[in-house]
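Asks: Take this structure first; my questions come after.
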Amino acid sequence: MNNYPWLTIITLFPISAGLLIPLIPNRGNNLIRWYALGICLIDFLLMTYVFGSQFDFYGQGIQLKEDISWINVIDFHWRVGVDGLSIALVLLTGFITTLATLAAWPVTRNPRLFYFLMLAMYSGQLGLFLAQDLLLFFFMWELELIPVYLLLSMWGGRRRLYAATKFILYTAGGSIFLLAAILTISLWGPNGPILDMETLSKQSYPLGLEILVYLGFLIAYAVKLPVFPFHTWLPDTHGEAHYSTCMLLAGILLKMGGYGFIRINIEMLSDAHRIFAPWLVALGAGQIVYAALVSIAQKNLKRRIAYSSVSHMGFVLIGAGSFSDLGLSGAILQMISHGLIGAGLFFLAGTTYDRSRTLILDDMGGWGSPLPKTFSTFTACAMASLALPGMSGFVAELMIFLGIVASSVYSPLFKAIITCVEGIGIILTPIYLLSMVRKMFYGYNDISLKTLKDSLILDASPREVFIILSLLVPMLGIGFYPDLTLQLWNQKAQEIVSLPSGNEKSLTLISYSYPVEKNFSLHH
């Protein structure tokens, strides 16, 4: 049972099943919808079963490994595995994609292609989180881009082609740096190309080479996360994409950058990370405030939510650079939490647009009375986004805050400045979120009154209520009992901060699990 290729099946099943969509009889869209939803649900249930029965939550290292030689001449293997860092993101991918497929029910134009692209995107994202080969990692990184571009360019707003072109230019540009970094690190040394991540993580590199490779990876991940100033594609993309696509972008795609940064830049290139981490922490703190201020100025609902995503990703940078397992665990939890919250906010923004036919906040108002279900669930998601105690966002941001404070690597002055800037961002967050809720659901203006009078507005359907409640339940569950998810990656976070990669490397890190500072070295 343990030797069964579960991860390969989980990865390839969606796209393989998607190839059968053209064979479905042309009897309307319902059959195609149910088929795509069934594929997503089966894959999600399968990964839940496999991880629940085969994964050792207290084990170390990569588990459920599969290694199949693919192209021998360049040592390219289908090499996949899962550990505490990737398991949560794989489960998040299955969960969000299943709900996004259900959210795409209103799509009627070319549904065969639409659902195939969603299933192809699903496989690409799963493959990236499970890849243990650098070239396979890059292959999945690129595979995921094609469906996203087509989903953006064919379904969305009037400026969807502009948004799709901007997205592909940014991400393709980042991919050039990603490929260059992969080739540099894999070809270094006398033993030929080495693409196995586990082998590469145990090697030592000259500091200059490590810095160069670190920067190459960082640029690629900075586009995807996104990090200022590589973030400008995100508001345009979210502003034009169909809301089911927005759920996939906010819920999963942004996490690919954070995952790659932790997996490669921190775990494999620890010496370079020690040099750049303070700058990234400062950049993350500045990004929180900058994106919050820009979000306040946005008049478009989806663009305001998009800039809130940029702001929240600043916390991921701070946690990843905190040099503490508490901060690193908080960064991972922030990615999971934002995946749920972002998907919920964009879904509700999209369903509100379907009813009001506007995304301009100044044209809204008074939607609370005719849309009580939408009002209550949107408010709940906004509360989770502003880190209300009892919601997942609060736990993640608190862990990151305490992680940077507990770090012994940084000076008290540096930590004081960062925490003060974080505090400013935390104060600004309710301003743009609560004002957004107020403009949408409270008060009236001439335009909103005319819309309310001229149209019969129905509240959220049972399908829509099910989707948003499915997202709210884990937000509350994590908020009240964070160990529900933290146990998935706490062990891995401690490994990363306590065992720097490479031979004869020494890095002073603090682990919140230990009472005193430790200096860890590896000698082989």
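In case you wondered, yes, glycine gets a Cβ from its N, Cα and C as well.
Taken from Swiss-Prot, the feature transmembrane segment covers 4-24, 31-51, 113-133, 134-154, 167-187, 211-231, 242-262, 275-295, 308-328, 330-350, 386-406, 465-485 (among others), and the record attributes it to sequence analysis.
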Asks: Three or more CB pairs closer than 8 Å, sequence separation of 6 or more: does that hold for the transmembrane segment (242-262) against the transmembrane segment (211-231)?
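Replies: Result for the transmembrane segment (242-262) with the transmembrane segment (211-231) is yes.
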Asks: Are there at least 3 C-beta pairs under 8 angstroms linking the transmembrane segment (330-350) and the transmembrane segment (4-24), leaving out pairs fewer than 6 apart in sequence?
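Replies: Between the transmembrane segment (330-350) and the transmembrane segment (4-24), which are separate recorded stretches, there is no contact, as judged by 3 or more close Cβ pairs.
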Asks: Which residues, given as numbers and ranges, are at least 6 beyond the ends of the transmembrane segment (330-350) yet have a Cβ under 8 Å from it?
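Replies: Long-range Cβ neighbours of the transmembrane segment (330-350): 85, 88-89, 92, 96, 99-100, 103, 238, 242-244, 246-247, 250-252, 254-255, 258-259, 262, 301-302, 305, 308-309, 312-313, 315-320, 322, 359, 374, 377-378, 381-382, 384-385, 392-393, 395-403, 464, 467-468, 471-472, 474-475, 478, 482, 485-486, 489, 493.
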Asks: Between the stretches 31-51, 113-133, 167-187, 211-231, which wins on the count of C-beta pairs under 8 angstroms to the transmembrane segment (308-328)?
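Replies: Maximum Cβ contact count belongs to 211-231.
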Asks: Within the same chain, where does the transmembrane segment (113-133) have neighbours whose Cβ lies under 8 angstroms from its own Cβ atoms, ignoring anything closer than 6 residues to its ends? I mean 6 or more beyond.
Replies: 7, 10-15, 17-19, 21, 32-33, 35-36, 39-40, 43, 62, 65, 76-82, 86, 89-90, 93-94, 97, 100-101, 104, 107, 139-141, 143-144, 146-148, 150-151, 154-155, 195-198, 244, 248, 252-253, 256, 259-260
Asks: Short question: which residues 6 or more past the ends of the transmembrane segment (31-51) have a Cβ under 8 Å from it?
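Replies: Here the qualifying positions are 6-7, 9-10, 13-14, 17-18, 21, 24-25, 64, 82, 87, 90-91, 94-95, 97-98, 101-102, 104-105, 111-112, 115, 118-119, 122.
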